[in-house]
Amino acid sequence: MATYTSTIQIGSIECKLPYSPAPFGLVAGKREVSTTTDPFASLEMQLSARLRRQEFATIRTSKNGTCMYRYKTDAQIARIQKKREEREREEYNFQMAASSVVSKITIAGGEPPSKLESQVRKGVIHTTPRMRTAKTYRTPKLTEGQMNHLIKQVKQIMSTKGGSVQLISKKSTHVHYKEVLGSHRAVVCTAHMRGLRKRVDFRCDKWTVVRLQHLARTDKWTNQVRATDLRKGDSGVILSNTNLKGHFGRSSEGLFIVRGSHEGKIYDARSKVTQGVMDSMVQFSSAESFWEGLDGNWAQMRYPTDHTCVAGIPVEDCGRVAAIMTHSILPCYKITCPTCAQQYANLPASDLLKILHKHASDGLNRLGADKDRFVHVKKFLTILEHLTEPVDLSLEIFNEVFKSIGEKQQSPFKNLNILNNFFLKGKENTAREWQVAQLSLLELARFQKNRTDNIKKGDISFFRNKLSAKANWNLYLSCDNQLDKNANFLWGQREYHAKRFFSNYFEEIDPAKGYSAYENRLHPNGTRKLAIGNLIVPLDLAEFRRKMKGDYKRQPGVSKKCTSSKDGNYVYPCCCTTLDDGSAVESTFYPPTKKHLVIGNSGDQKYVDLPKGNSEMLYIARQGFCYINIFLAMLINISEEDAKDFTKKVRDMCVPKLGTWPTMMDLATTCAQMKIFYPDVHDAELPRILVDHETQTCHVVDSFGSQTTGYHILKASSVSQLILFANDELESDIKHYRVGGIPNACPELGSTISPFREGGVIMSESAALKLLLKGIFRPKVMRQLLLDEPYLLILSILSPGILMAMYNNGIFELAVKLWINEKQSIAMIASLLSALALRVSAAETLVAQRIIIDTAATDLLDATCDGFNLHLTYPTALMVLQVVKNRNECDDTLFKAGFPSYNTSVVQIMEKKLSKSLERCLERFNLAGKIIRNMVLIQSKTLYHSVHKTHRKGRFERVIQHITTSILGPRCPGGQRHCLRIERAI
């Protein structure tokens, strides 16, 4: 074998090694490398089933926000895979199918049926089959078990939300739930809670008792109740008579309804007691004396209503609104305080009116979101605010008038001077002064009329007054928002308030009497026949045509009676209509309609559905009372919000003035008055008015038409045209004609005195000061007072003690922070008071402190005067500052003259009285702190015992005693008493 040499170079060393190469056959073959092994293959194989299920899972979120998988079952996964394979197979077959074009569609390759035979046209159906099916309603019937289950569910809902349930049997029983004795319990309304004292305080039948047994079983029904636990305010509470401990009276049916206590014994409201027990029993209703006075006189003084009253407003909200009304009309710190009442009575009329306006405005703001529920309170406060709004009286105009004619006392200058004085007094004028002013205005009008006599006489033969053939465009009857789907007018709320007309001035048609009993309409000088009998339509055409002719009544031709003129010119709306030849247009037969208001004088008349009355019977105006249809037509143009006020004004103001058979002038005058209150009625269309010159009567045509024909027709077709009759300068005979009347069956119309007509609203100095004292030691209350009534700060100058107490509590600093960006004048007042408190604290005597305060009144008054302001206490603050300023100026003058004015004893008595009020507030604050402290100690004991073992009770009692002694002090006379009280509680 050959030997070869191989050279290996290692650095600088060269090494030669011999070697023999191996033969070719012995060379090792190439080694095959095995496949790569995945270390996670086994893990993936184990998790493949889980991942496969996770692929079909959905994600859901738990209540705490954690997202997790919701896995499908094996059956669901199989169904999903099967549907997926079917969709893939269908898609594949569709994609691989050969393309095709549909060019013709036949039935089995034959001809269409339309070519095989001719179509035979059958009879045409001219009617549409009825598609709607009649619905039948079954009366729900409940078994005894279902009824009990329903009562149980209602009880659970109402007891949770503090609602109420009404049980209706022979009489209604109202059950409400409130928290009593630590749980929600059922409460019924007893007689003494309504202000009535009866020997049996609560009565109910057996059915009601059974229902009360179910409704009263609330949570903690079986808890034991002691007689000493019951307090005032627990009247009517239903308790279990088997769980009572103490001196209780007799009860039955497993229920005990709390009434009151007599000689330590609690009586059931269903028990009949003697007269002596009833008189001496202590009722458990809160504020019993107050409600006795209120409820005892409420029923006697309330006014009759035209509806059935229901309790639809929560009592708590009513109480809050009553508080708003009281503080808006008669503000006081205590309603029983005679000083508040006297100070209110001593206010000048001008100041009272200003404060009334301000308090009414603040009352509306306090009402807030409840304005929609308490619309009557909103309306009253709005009217009060409007009536007491300050009038801008110009003294310059008064002086100019007085300089011109002040010394002249003859007419008409005397009347002008009276009006000048009247305008200067503004809203302080009395009713007598209003009457004198109106008489003076009447005298001036007569003087002007007599002075300008320019009445001209014209020739009646040339008089023409054609009736327009075009109908008036009534926007209110054309607006889509006021029409239903059949284009009929929607009365809305006006329909409800129109019942004041129907109940007082209309009567129902009695079908038993027949229509003939209502055909003749009586008036002072004759009769007019209605077409009400034509509601019975004869089917004979000749008879029908005969009835359509009517009964003709001849009227005189066109004369001076038919015209009205002013300043020699005709007032055409106040005249009778004529034809082209000058002859009068005579009325024809007007057919009757059912339950319609017929309006419009020109063109085609308009028929408006009458508002629904109290029944479905037909209504007709009472004898001599047809002019109410004019006010009913005006109601169409009244908005739904003003409908109530409009109908009341017509009932209480217009109708009593018109009296029986008013003249056209009086009717027009009342319409003019209503137009001032409601301007939208100026274009209200009127019913057709017929003029009877023979009897000097104007007839207002209603829905029953007129059988009598031949009357003249008045051209006036709207309220604005009818108002033209209300003019003394109008020369017209028609304005003195009679129209309609008032029924004698409405004696209540004379009783229109409002119970709210007297009284007013003012924040007196005493009430404002008490309100300020209430918040000195209550930061939250004071913050709210500063936001609502910042001018309460001014009243702190009445007492140096109050001023320094407010400074020490940081109230002035808080006021500056609250108002520095809103109203800088209030922030300046707070800064001045803060500086004043520092100077007062440096004074050594009370008299010196008062002198410092009185001296600063001028600067405070200059900073406070800020024009018109809506805050309740703004006028009070100005009045206080003005009094202090004037007193300081007078005292300064007397002091310079050598007469010292300050009486040390008087100042000390005043300060002592105000300081006592401040101390009482602080005592109440401390008492509240003690109560809270005791409650915390008792609650901590309960929590301690619930967590720790019972044998540690003694140690805990010693700790509590030590804490109590540390708080109250070892020498505190009440310390031992408090310790004993807490130990007993433990």
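Using the three backbone atoms N, Cα and C, a Cβ is placed for every residue, glycine included.
Among the ranges 206-209, 334-337, 374-377, 502-505, the stretch that Swiss-Prot annotates as motif 'Involved in interaction with stylet and aphid transmission' is 334-337. Rounded to a whole number, the distance between the Cα atoms of HIS699 (active site, for helper component proteinase activity) and SER235 (active site, for P1 proteinase activity) is 63 Å.
Relative to ASP201 (active site, for P1 proteinase activity), the active-site residues with Cα atoms inside 10 Å are HIS192, the candidates having been HIS192, CYS626, HIS699. Residue counts for the domain 'Peptidase S30' (141-284) by DSSP state, with H, G and I taken as helix and E and B as strand, are 40 helix, 44 strand, 60 coil.
If you draw a 10 Å sphere around the CB of SER235 (active site, for P1 proteinase activity), it holds 24 other CB atoms from the protein chains shown. Rounded to the nearest whole angstrom, the C-alpha distance between CYS626 (active site, for helper component proteinase activity) and HIS699 (active site, for helper component proteinase activity) is 7. In this structure, the CA atom of HIS699 (active site, for helper component proteinase activity) is 57 Å away from the CA atom of HIS192 (active site, for P1 proteinase activity).
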